[in-house]
Amino acid sequence: MKDLRRYLALKYIQYLVLSSSNTVSTVLGLLGSVYTLITLQSARVSSKSTAVFISSLAKADLLVFLGLVLEVCVWSFGAGACSMAAVVRSLLTANAHISGVLLSCVALEAYLITFFPAESRLLRTVRNARVTSWLVWTLVAAECGLFLADDALRAGGAPVPTHGPWALLALLPVAVALLRSLSYLLGILLRIFNVYIYYKIFFSISNR
C-alpha cells in the first residue's frame, strides 16, 4: 500500500500540481504505472474500489505510450505528420483528463472513508468504481473524438454544407470551443477540489 500511495502522490504532482508535463515526469509516470499494474496483480492487494480507480489510472498511461510510439513513427517515416500530430495531441489530452478525474475520484473516496465510513459503504463498491471508470473513459473518448473531427474539418478546408443533416458540422467549431473552455474550467475546479479534500483530511487526522 505504501507503493500505491507513492504512485498516487506522483500522479497528483504530475497532473494536478505541474502546469504541463515534462520528460522526467512522463517517464517516471510510465514506469510507475507499469510497476503499479504489476503490484495490483499481487494477492496481497485486496480488490477494493480504490484499487479499481488506481488500476484504471495506471492503464491511462497506455495512451501516453501509444502517443510516443506514433511520434517516433512520424519522425522516422515523415508520413501524415499533421494528422498524426492531431492524434497524439488527443491521446495526451485524453490521458490528462482521465487521470485528473480518476485522481479526484480517489480523493472523494478518501474523504468518504474518513468522515462517512459507514454511511458511504454502499457507494464505495467495486462495481460502482468500475462503472465510474468506464463512464470517465467513455466521456473523455467522446470529447477527444470531437476534437479530432474538428481538426479534420479544419485541415480539409472544404466548405461546410449549409443544408441537410451535414449542416450541423457548421456548429462543430463552436461546440469544440465551448468544450475546451469547459475542460479548462473543470481542470481548475478539480485542482481546488483535491486541495480542499486533502486539507480537510489532513487536519481531521491531526486533530485526532
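Cβ coordinates are placed from backbone N, Cα and C, and glycine is handled just like the others.
Where the annotation comes from TrEMBL, it is an automatic prediction and has not been curated.
So that you can see what the record holds, here are the features copied from TrEMBL:
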type: DOMAIN; residues: 32-139; note: domain 'G-protein coupled receptors family 1 profile'
type: TRANSMEM; residues: 12-38; note: transmembrane segment
type: TRANSMEM; residues: 62-88; note: transmembrane segment
type: TRANSMEM; residues: 94-116; note: transmembrane segment
type: TRANSMEM; residues: 128-149; note: transmembrane segment
type: TRANSMEM; residues: 169-199; note: transmembrane segment
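Within its own chain, the transmembrane segment (94-116) is flanked in space by residues 8, 11-12, 14-16, 21, 49-50, 53-54, 56-57, 60-61, 63-64, 67, 123-124, 129, 132-133, 136-137, 140-141, 143-144, 183, 187, 190, 193-194, 197-198, 200-201, 204-205, which lie at least six positions past its ends and keep a Cβ under 8 Å from the stretch. Beyond the ends of the transmembrane segment (169-199), by six or more residues, the same chain brings 12, 16, 97, 100-101, 103-104, 107-108, 110-111, 143, 146-147, 149-150, 153-154, 160-162 to within a C-beta distance below 8 angstroms of the stretch. Across the residues of the domain 'G-protein coupled receptors family 1 profile' (32-139), the predicted structure has a mean pLDDT of 88. Each residue of the domain 'G-protein coupled receptors family 1 profile' (32-139) gets a DSSP state, and the totals for helix, strand and coil are 86 helix, 0 strand, 22 coil.
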